[in-house]
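Structure first, then comments.
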Amino acid sequence: MAPSIPAAALAPLFLLRVISPSIVFLTTLSLLFARPAAPSVQSPSPITPVVVATRTHRRAVIYAFLSIAGLSYLLDGLTFVFWAVFRKEWPAFTGLEVNAVVGLAAFAGLAALGAWKEVQGVDVWSMKRHKVAMFATLVLDIAQVVLLALAITRPLSTVFLLHLAFPSFRVLLLVPLLFVLLFPRVAYVPVEASVEEASTDTTLLLPAQDAAAPSSGLSPLSAELSKYGTFRSGRSIGQNSIATTRTATPAPSTVRVPPPKAQEAKEDIALDPSWREIFDRIKHITPYLWPSKSFPLQFLAFLCVLIMIAGRVVNLFVPLVFAQLVRIFEEGSKESPWPYLGAYVALRFLQATGGLPALRDTLWIPVMQYSDREMSQLSFDHLLQLSFAFHARRKTGEVLRILDRGAAINRTFETLVFNVLPTFADIAIALVFFIIYFEWTLALVIFFVMAAYVAASVILTRYRTRLRRQMNDRDVLIRGIHTDCLLNYETVKYFNGEQHEGERYREAIREYQNYEYKVMVSLNLLNLVQNFIITLGLLVGAMLVAMRVVRGQSQPHQFVFFITYLAQLYGPLNMLGYLYRTINQSLVDTERLLKLLSEPKDINDKPNAPDLIVRNGELEFDNVSFSYDGRTTALDGVSFKVPKGSSVALVGESGAGKSTILRLLYRFYDLKEGEGRILIDGQDIRDVTQASLRKAIGVVPQDPVLFNASIGYNIGYGKFGASQDEIVAAAKAAQIHDRILSFPDGYDTRVGERGIRLSGGEKQRVAIARTLLKDPPILLLDEATSALDTSTEKDIQKALQNLVQGRSSLSIAHRLSTIATADLYVDGNIMQF
């Protein structure tokens, strides 16, 4: 350094070291105001090109070279700092400290800011200013190397050789970097491939004239013809006939669909959470994360908090004890180092992962299991309590994926208590000790470094949150395709749909991986920016402490304390950025779960609603009208009665509203005021509890769905806790007992998912046995034999006769044999058989 350089060379060397990185630093600052260029409009050419030349910069190479150049400035500066500390000399007028700080900020900042601007659509590496700046820096660094080489004097010091090696290395680095900037990679691609992405993003889903045309979404049929149901208004059951109406078919290609990306952008902007929004969201589910009613779990949590506080004390004393060891060895003191060495080893043991953190994590396990259990139970119970309207529109695979990803919220509470709060505590303690041990200037510098780090982490993480949310949406879509294909495996085979489903899945994977790539690149960008800020803070802080050591205001062991504590402090500081990302990712993963938990329960019991009391089992529909969507009528003025112990059959074409009647009776939907009443023994079913209503009604659906369990379990589902004798008796009454005994495992035979291992007739008889075991006073039969052959239907009819005997029943049927034993027939008229 200074002792090896003649005085005549110091002034020009100082200028070279200051100006060289400053040129790049100015171009880096200019990127702050860079904006994406407007697309150029080219006049049409009479010649249609077949291929076009595309120029792409080797971004990975550029970022790597810039990062390595920044690292060389850092090492050059640290060499200067350590030399000054241990020689207790601060050479004046060398420019090395300015060169190191400005060079690190220039090159690392250009890499970070350039990547950020590229994400925003700025063509950074095509700008001439960067090429000119790199060329000027290359020339000045060559001049610096030549000047240092000419100024060599004997003897050569190791430090001087290092200060010569770093700019020489940068010269070798800047030559290929300048070449890469000047000569981007050129590829010739077909015109279709070059515009494919743009056309995908900008082409409307519909032709312009169709997209602009206003439409209600229905074909221009009359309002009278746009009703679902058979039952028309203005006529009672007692009239001679009831005409039918058919469901209107929506007109194709008449609804303007907003571009998906525009919808996503709008949703993302609205859903980006701030810290306050994060805490507001968590506050609503805190009762399920914190064991407020369990004193033992609260005591364990209190012990974990004490361990966390002890960890903060340990983190402070580790660098203090280490600095005292360095002081003893440095000064050659007669004071024994063994107590400090033993204390240091013990503190490091407590600080390690297997020390206090391991003890805390072990004590926290029961609390963590509580939150896992409560959140899982909350989600499961809420899902079961949602209305039929929700389950009619949901996708099973997507809901399962939401529940899987939603489990991330269970770790959020733990992260906040044991990571976020300790991180802020460590930072506050460090700033106080820097003021006490050194001076407020150093604490202020470190504070600004931390503030810049946190601000950059928050800004970039908010951007990454948008990308991750879009990636998660594609992941949910993939799960939905999985489930659809598994549930409809036979349909895929019937129509040779393997190739179609494979292409659909491949496209979904491609979209997912596009967003996954952006998420991973943005993570690397975030790490680059964070590392740049931390490194710059380390270099500036080390220089300030080194100057104090040189001036005699601090001792070398205090410099060691600063470096050790700062490195230890950057751990939680880096963790803070990670924690912000983790919490945001957890919230992104659980946004759909929170939305699911906020899904309203459309069907609710009235306050203090009584149980339904069934005396005779008489049903009555009193002028019932109903619409699913509020626009198209499903039922219109329906009125009929089912007397005590009678069997009534509803007959009509498909889509006439028969199943709607059963759904209303079971309170899958509720009638609004003015839409009529449904009465059981004179009690409006809206006024009683749903549990008592459904306990009084038994259902045999057209397509029974069985649990993937044993036949005995599925029959016993009609009466929880039923004995084996009761299950067998119900199976005999349903004409299925002998068939069950023919299976190798008898009543323990597993039926497969949705009962796929049983035939249609067997599933029907299991459903009838299940309803017989329930023994309800009212029965609903939804076309229970419509899909069966004649022989099987006879067996089912015997079981149904056993089932309806002595009960009020309401049946939906198409076949005459199904309704032959009915007492009443409803198809516009009530007729006595």
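Just so it is clear, glycine is given a Cβ too, placed from its N, Cα and C backbone atoms.
According to TrEMBL, the domain 'ABC transmembrane type-1' annotation covers 302-585.
Averaged across the domain 'ABC transporter' (619-833), pLDDT in this predicted model comes to 79. Taken from TrEMBL, the feature domain 'ABC transporter' applies to 619-833.
Same-chain residues lying 6+ beyond the ends of the transmembrane segment (60-86) with a Cβ under 8 Å from its Cβ atoms: 1, 21, 94, 96-97, 99-101, 103-104, 106-108, 110-111, 114-115, 125, 159, 162-163, 166-167, 169-170, 173-174, 176-177, 180-181, 528, 532, 535, 539, 542-543, 546-547, 549-550, 556, 559. Annotated transmembrane segment per TrEMBL: 60-86 (among others), in sequence order.
Taken from TrEMBL, the feature transmembrane segment covers 98-116 (among others).
Here TrEMBL flags 132-152 (among others) as transmembrane segment. Long-range contacts of the transmembrane segment (132-152) within its own chain (CB-CB distance under 8 A, at least 6 residues past either end) are made by residues 4-6, 9, 12-13, 16-17, 19-21, 23-24, 26-27, 160, 163-164, 167-168, 170-171, 174-175, 177-178, 181.
Positions annotated as transmembrane segment by TrEMBL: 159-183 (among others). Within the chain, the transmembrane segment (159-183) has long-range Cβ neighbours (under 8 A, six or more residues past its boundaries) at 1, 4-5, 57-58, 61-62, 65-66, 68-69, 72-73, 75-76, 79-80, 83, 96, 125, 130-131, 134-135, 137-138, 141-142, 144-145, 148-149, 152.
Tertiary neighbourhood of the transmembrane segment (299-326): same-chain residues 290-291, 337, 340-341, 343-344, 347-348, 350-351, 356-357, 359-360, 363-364, 366-367, 417-418, 421-422, 425-426, 429, 433, 556-558, 560-561, 564-565, 568, selected by CB-CB distance under 8 Å and a gap of 6+ residues from either end. The transmembrane segment feature in TrEMBL is assigned to 299-326 (among others).
For the transmembrane segment (416-436), the list of distant contacts is 282, 304-305, 308, 311-312, 315-316, 360, 364, 442-443, 446-447, 450, 562, 565-566, 569, 572-573, 575-576, 579, 583: same-chain residues at least six beyond its ends, Cβ to Cβ under 8 Å. According to TrEMBL, the transmembrane segment annotation covers 416-436 (among others).
Under the heading transmembrane segment, TrEMBL lists 442-461 (among others).
The transmembrane segment annotation in TrEMBL covers 525-547 (among others). Same-chain residues lying 6+ beyond the ends of the transmembrane segment (525-547) with a Cβ under 8 Å from its Cβ atoms: 63, 67, 70, 74, 77-78, 81-82, 84-85, 90, 97, 100-101, 104-105, 108-109, 111-112, 115-116, 119, 438, 441-442, 445-446, 449-450, 452-453, 456-457, 460-461, 464, 554, 558-559, 562-563, 566-567, 570, 573-574, 577, 581.
Residues or ranges marked as transmembrane segment in TrEMBL: 559-580 (among others).
For the transmembrane segment (442-461), the residues of the chain that approach it from at least six positions outside its boundaries are 116, 427, 430-432, 434-435, 522, 525-526, 529-530, 533-534, 536-537, 540-541, 544-545, 562, 566, 569, 573, 576-577, 580-581, 584, judged by C-beta separation under 8 angstroms.
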